[in-house]
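If you check TrEMBL, you get these features:
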REPEAT    17-55  repeat 'HEAT'
REPEAT    94-132  repeat 'HEAT'
REPEAT    171-209  repeat 'HEAT'
REPEAT    210-246  repeat 'HEAT'
REPEAT    249-287  repeat 'HEAT'
REPEAT    331-369  repeat 'HEAT'
REPEAT    370-408  repeat 'HEAT'
REPEAT    409-447  repeat 'HEAT'
REPEAT    526-564  repeat 'HEAT'
Amino acid sequence: MAASASGDKAADDSLYPIAVLIDELKNEDIQLRLNSIKKLSTIALALGEERTRNELIPFLTESIYDEDEVLLALAEQLGNFIPLVGGPEYAMYLIPPLESLATVEETVVREKAVESLRTVAGQHSAQDLEVHLVPTLQRLVSGDWFTSRTSACGLFSVCYPRVTAAVKSELRVNFRTLCQDETPMVRRAAAGKLGEFAKVVELEYLKSDLIPTFVQMAQDEQDSVRLLAVEACVSIAQLLPQDEVELNVMPTLRQCVNDNSWRVRYMVSEKLTDLQKAVGQEITKNDLVSAFQFLLKDSEAEVRASASAKVTEFCANLDKACQEQIIMTSILPCVKELVADSNQHVKSALASVIMGLSPIVGRNNTIEHLLPLFLIQLKDEWPEVRLNIISTLDCINDVIGIQQLSQSLLPAIVELAEDTKWRVRLAIIEYMPLLAGQLGQEFFNQKLRDLCFNWLNDHVYAIREAATLNMKKIVQTFGTQWAETNIINQILVMCKNSNYLHRMTCLFCINALADVCGADIIERLFLPTIKVLSTDPVANVRFNVAKTLQKLSPFLDQAAIDEHVKPILEKLNTDTDVDVKYFASEAMVSSAGGYS
């Protein structure tokens, strides 16, 4: 009797996890249902592999009628369930719930279900794949709702390589059927997977079955289908011998370049450099150069912007034997027009890459043809265009030399350094250490040093902050001797400025320069200035004195700390302002030697 009761209790205990799951999945609170789904792996472990296969999975398959958020979580969980059902030999048990999820209305749920089905398919043996997954694929292909047919498109490439010739033939027929489906969403899904499928299909069937389908899709009435055919174009071109690319791919590509829909032309532009690598140098020279010119002159700004961003990469990939000639005669005239384009996004895209042409075309062509374009863009009305040119200045220094750079571009850079828009000034500051290193001490002292000091007094905090870091980087470039001679005294004079913000900037500069100037300059020049500022009438300045001393202490020996740092901190520790006292006590605790 006791044994029977014990057995019943064990049975009840073993049913408990699935009973809780059922309760939670039926709960009105979506968050509870979602949490339950996310705990599925724990429940499966508690049930064991056999009961997971025979009870949990069937229950989940019957329960697929929930909110999209819950279904998405379920689709994701099932993709990781193979070890929980007993390993690859039992992977087929996961197909029914995932098949149901692959037919729901919500796109993200279907996509996640297909992703999980692909994972499950990879774990199947070739025999199990034909027995279990291929029939699933065929049911999806013949589904009444477009949702199942769109999902089917994602499964062909994982099934095809591992099935028999007869099944492969069926799959090719099924895929072509989907490519001709009456529903645009299905044709779009098939077009999106065409390139992926092409990679696993044998070359003879690629030519006989898929290329005619590709050509047909590139002429589809829906531009959303045609633009995805452009993506497939790259994959197909990579798979074919060069002579067959000209015959089978290029006529369709030429047609896409001239498509009535700007979205299709945009996609050609986005994929052009990939196509360039796929089709080879001869076809690039004969066809893609003219196609690129056409895209650079497109009537739609989005297409011109996309093509402009590809200028340098496209030119770099050209055959070295005719590279310069093609750039100078075919590409550069288009670039000259784009520099004055009416759309800011086009000009900005071009400005981000145009400097990269310098190493390709060489010094003389850069000076004669590109420098005038750089100057136009440096003075463009749109800040982003100017910023993109500034940020790539280092590309041309090695090509044209510092003398030419300083004579031609520097006046424009100085003008930008005083621009009314603070983001433009900020960009110049960030590139000043690079320019300083390239131009040398003498040129910097004559032309750029005063600009750097003006930034320290800027009315925008972000500029002052960047300017202090800029000073540190320039000292790293030119050395402490140069710093003492040329900038430190002018920085320390700021401690007498009537505006407390400038006195704060003096402290920030001391903080930044401490890392690179060393103990001698800190003790000889910085500490006397800090002592003056420790009696400043503004509390913000005084507590920043405490923070600065905390930063400087590790660079000083104990004698200097006792003589200079300790008296200032002790005085600040009795300050009437609570923040000053706090930072002074913090500095006393953490400074070298520490105080009790």
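Glycine is treated like the rest: Cβ placed from N, Cα and C.
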Distant-in-sequence neighbours of the repeat 'HEAT' (409-447), which means Cβ under 8 A and at least six residues beyond its ends: 371, 374-375, 378-379, 383, 386-387, 390-391, 393-394, 397, 402, 454-455, 458, 460, 462-463, 466-467, 470, 473-474, 476-478, 482, 486
The answer for the repeat 'HEAT' (526-564), taking Cβ pairs under 8 Å and residues 6+ beyond its ends, is 492, 495, 500, 503-504, 506-508, 510-511, 513-514, 517-519, 571-572, 575, 577, 579-580, 582-584, 586-587, 590-593
Let me know the model's mean pLDDT on the repeat 'HEAT' (526-564). 89
Tertiary contacts of the repeat 'HEAT' (370-408) (same chain, 6+ residues out, Cβ under 8 Å): 335-336, 339-340, 344, 347-348, 350-359, 361-363, 415-416, 419, 421, 423-424, 427-428, 431, 434-435, 438-440, 443, 447
Using a Cβ cut-off of under 8 Å, list the residues of the same chain at least 6 residues beyond the repeat 'HEAT' (210-246) that approach it. 172, 175-176, 179-180, 184, 187-188, 190-192, 194-199, 201, 203, 252-253, 255-256, 259-261, 263-264, 266-268, 271, 274-275, 278-280, 282-283
The repeat 'HEAT' (94-132) - residue tally per DSSP class, helix then strand then coil: 32 helix, 0 strand, 7 coil
